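Among the features that Swiss-Prot reports, alpha-L-arabinofuranose binding site is placed at GLU27, ASN72, ASN172, TYR244, GLU292, GLN349, with the record citing similarity to another entry. Summarising the annotation, Swiss-Prot assigns active site, proton donor/acceptor to GLU173. Annotation comment: Swiss-Prot describes GLU292 as active site, nucleophile, evidence class similarity to another entry. Residues annotated as site 'Important for substrate recognition' in Swiss-Prot: TRP296, GLN349.
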Amino acid sequence: MKKARMIVDKEYKIGEVDKRIYGSFIEHMGRAVYEGIYEPDHPEADEDGFRKDVQSLIKELQVPIIRYPGGNFLSGYNWEDGVGPVENRPRRLDLAWQTTETNEVGTNEFLSWAKKVNTEVNMAVNLGTRGIDAARNLVEYCNHPKGSYWSDLRRSHGYEQPYGIKTWCLGNEMDGPWQIGHKTADEYGRLAAETAKVMKWVDPSIELVACGSSNSGMPTFIDWEAKVLEHTYEHVDYISLHTYYGNRDNNLPNYLARSMDLDHFIKSVAATCDYVKAKTRSKKTINLSLDEWNVWYHSNEADKKVEPWITARPILEDIYNFEDALLVGSLLITMLQHADRVKIACLAQLVNVIAPIMTEKGGEAWRQPIFYPYMHASVYGRGESLKPLISSPKYDCSDFTDVPYVDAAVVYSEEEETLTIFAVNKAEDQMETEISLRGFESYQIAEHIVLEHQDIKATNQHNRKNVVPHSNGSSSVSENGLTAHFTPLSWNVIRLKKQS
């Protein structure tokens, strides 16, 4: 048995948790939309063709915001194709994912569906093949009440009330050579600045996300962020980060240490934002939108064999295992540790495509192992992020040194009078953890949720639910706080409630 210590103090404040860090992403890609959220012939389809069983699972996650419609798809998308009578909409080749897009689901259908699952939409505008004009028209179509061409067109389509979308993305991964309309940092920065300016003239209340690097391994990483922000700093509110992790080498200790890479990534981009703030003598602070993150590697080879140019092309259908859930938990913890700067995050994606939810055409929908840490954080991680002081045994691995076996984040809700400790034990031994609580003397343990499994590669399928959490965690109140026993390789959620 290993031992660790943790101090949780009410005054060790990181910042308020923006609920949007528990966001997700749905792209017109694979079976995310068609055969995912939308399947008119399914027994569970509602009057609009959207699957009610999928809606129920999304509601369990309490997803606050969903990025839409892409993704690489975005850079070749004409939003006008997806509005108006469905029978008049064109079928287009989506060059990003080699599919045929029917445009059955477009802006109004998706925004109406979002209301059904109680979420907001983070709408993205195409800065690949389109630009300023298409972007400002989309804002007018979505957000202007009436009396103009585009707002009245929306009303003529049967949607009288404006949507009031508050969060918008200025393109997608424009630094990537694979992107339709790929640009240099200066080219993108100028276009993004002018587009942002005009979009905010249409609706001054909106917030805008500029494209950061596609990932931290890009050769122009950091230089891209600095140049883009020098053009856009006074016109945007966030810059994006995208990152995915995998365990191709089947090296578990190294894989679980990847949360340290995310920590470094966040710090690097935040520092770059602050450098540009100083350079431009600005008084505003640009925060971060981690609007694509997840585990992604299981499906890579299988995707090469899928027939091109069909609709609902089954690609990126990663089947996640228990070790993936542990890393997703650690990545969520890392975001909470940076709640002062990370204000938006989107688990990419939500249904079928590298997703916590999987569906069968005409059949069931089910929860993958990564569903659970994401749900726990979203449901219980609302409030103020506190900085726990952790003394834990450490280990070295291929790419990292001094990796703590215990990774933890703490969220305090003054309104709900709850304290929630999220912790991952990365050790293959039980971890006895003494937790000192300062300022929470009247709090008692309400629940200790654990996600664990003897087989690190265990998966869930529609007929086999192997990886599910339980509430039989071992923790007890001690003289100065509590003692928690974290089982080997486990995700833990300890919920405490103030006693009257």
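Quick reminder: no glycine exception, Cβ is built from N, Cα and C everywhere.
Positions of the features from Swiss-Prot, shown on the structure.
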| residue | record | DSSP (3 states) |
| --- | --- | --- |
| GLU27 | alpha-L-arabinofuranose binding site | coil |
| ASN72 | alpha-L-arabinofuranose binding site | helix |
| ASN172 | alpha-L-arabinofuranose binding site | coil |
| TYR244 | alpha-L-arabinofuranose binding site | strand |
| GLU292 | alpha-L-arabinofuranose binding site | strand |
| GLN349 | alpha-L-arabinofuranose binding site | coil |
Below 8 Å Cβ to Cβ and six or more residues apart, same chain only. Which residues does that give for GLN349 (alpha-L-arabinofuranose binding site)?
SER24, PHE25, ILE26, GLU27, MET29, ALA32, ASN294, ALA355
From ASN72, TYR244, TRP296, the recorded positions whose CA lies within 10 Å of that of GLU173 (active site, proton donor/acceptor):
ASN72
Taking residues GLU27, ASN72, ASN172, TYR244, GLU292, GLN349, which bind alpha-L-arabinofuranose in the record, the widest Cα spacing (Å, whole number):
16
Using a 10 Å radius around each Cβ and counting other Cβ atoms from all shown chains, which of the recorded positions TYR244, TRP296 yields the largest count?
TRP296
Near TRP296 (site 'Important for substrate recognition'), which of the binding-site residues ASN72, ASN172, TYR244 can be found within 10 Å, Cα to Cα?
TYR244
The one of ASN72, ASN172 whose CB sees the fewest other CB atoms within 10 Å, among these binding-site residues:
ASN72
